[in-house]
Each structure stands twice: as C-alpha cells, then as structure tokens.
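**Q** Annotations for this protein, taken from TrEMBL, read as follows:
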BINDING   Asp119, Asp121, Ser123, Tyr125, Glu130, Asp158, Asp160, Asp162, Lys164, Glu169  Ca(2+) binding site
DOMAIN    106-141  domain 'EF-hand'
DOMAIN    145-176  domain 'EF-hand'
Amino acid sequence: MRDAAAVSEVLKPPLIGYTSLTTAKLVVIVTRWNHNHSVLAISQHSPQSLTSSALDTGEARPSKRINMSLTSILSAEDIENAVKEFQAPDSFSFKKFFQLCGLTSKSPKEVKDVFQILDDDNSGYIEESELKFFLQRFVPGARTLTDAECKGFLSAADDDNDGKIGVEEFLIMVQS
C-alpha cells in the first residue's frame, strides 16, 4: 500500500481527497481516494495523531493500516459503472450490483476482504445504519440508499434475524 506522498507522486498533480469518521472506540478511520474517486487506502489513526496538514502530507502515521482497498479487489471502472446503474432512488438491486462490480466472480477471501472494508465501525457486522452509505463506500459522493432499499438489503442477507449482516451472511448473499 502506498502512503500519501507516494500516491501524490504517482497522480501529479496531487489530487487526493480524504474523509474521516471518528468511532466510539476513539479511532479515526481515514479513506483516501484519487481524482477518479477510486479508494486508494483505508487506515485507522488515533485522534491525537491527526491534523489536516498531516493527512495532506502523509505525515499522519496510522495506528492500524487496513491493507486493502476496493480497487485492489475490484476494477475501478466496474465499480463506477455499477454505482451509475443505481443513481435513481429505489433502483438498487444488490444482486445486480454485485454482478456489475465484479464481486460475484471473486474468491471467498476477496469477498470477505470487501466485507471488512464495508464494515465501517469494525464491529464484524454491517448494520442497517452502515447500509445507508453502501454506495458511498464504493464511490464517494454516490447517493445514499433509501430506507426501503436498506431494509430490503438487510432482510435478504440477515439469515439469523439479528438485525445485521455478518461476514458469512454477506458471502452467501454475494455468491447466491
């Protein structure tokens, strides 16, 4: 995985963006993307180590680096096309999305790696609140899923009716 300085060197001029989310565990999740909105890296930082300038220069050292990105598993072009297919509210079909982005052709390990990226709070589950931002995890700026789409997605995958999607449930859903 490249750090921000290495990525900036590759992109010339540096067109890096980032978002962050502070979780209840006092950890900051940082997602970096390039000018095509392809996710480059996801890392965890302690809040004390972060400033905007540290992120921009790559000086922020992660406490834990998640050694994967969606574009290291799926084609950026396939991701972009899949998200574009579902721009209209209430048009989302998880089966078609998984096919279009190429996830259905991936190995169980790769599907589980995607699950880890989608599990924003690292709880080991994708909850309904995380499903709302499902498309945005693939392309920053994509629309949010509607409540009906979230409920449909959750009910299709939640085999044990605990109100969340576990990694094995996600794998079965993708492979079905």
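Cβ atoms are placed via backbone N, Cα and C, with glycine included.
Fair warning: this is a prediction, and the values are worked out from it, not measured in the lab.
I would like each feature placed in context: is it buried or exposed, what are its neighbours, and how far apart are things?
**A** A 10 Å cutoff on Cβ-Cβ distances gives Asp119 (Ca(2+) binding site) a total of 20 other Cβ atoms nearby, all chains included.
The domain 'EF-hand' (145-176): residue composition by secondary structure is 20 helix, 3 strand, 9 coil, according to DSSP.
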**Q** Judged by the number of other CB atoms within 10 angstroms, which among Glu130, Asp160 is the least packed of the binding-site residues?
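**A** It is Asp160 that, of the binding-site residues Glu130, Asp160, has the fewest other Cβ atoms within 10 Å.
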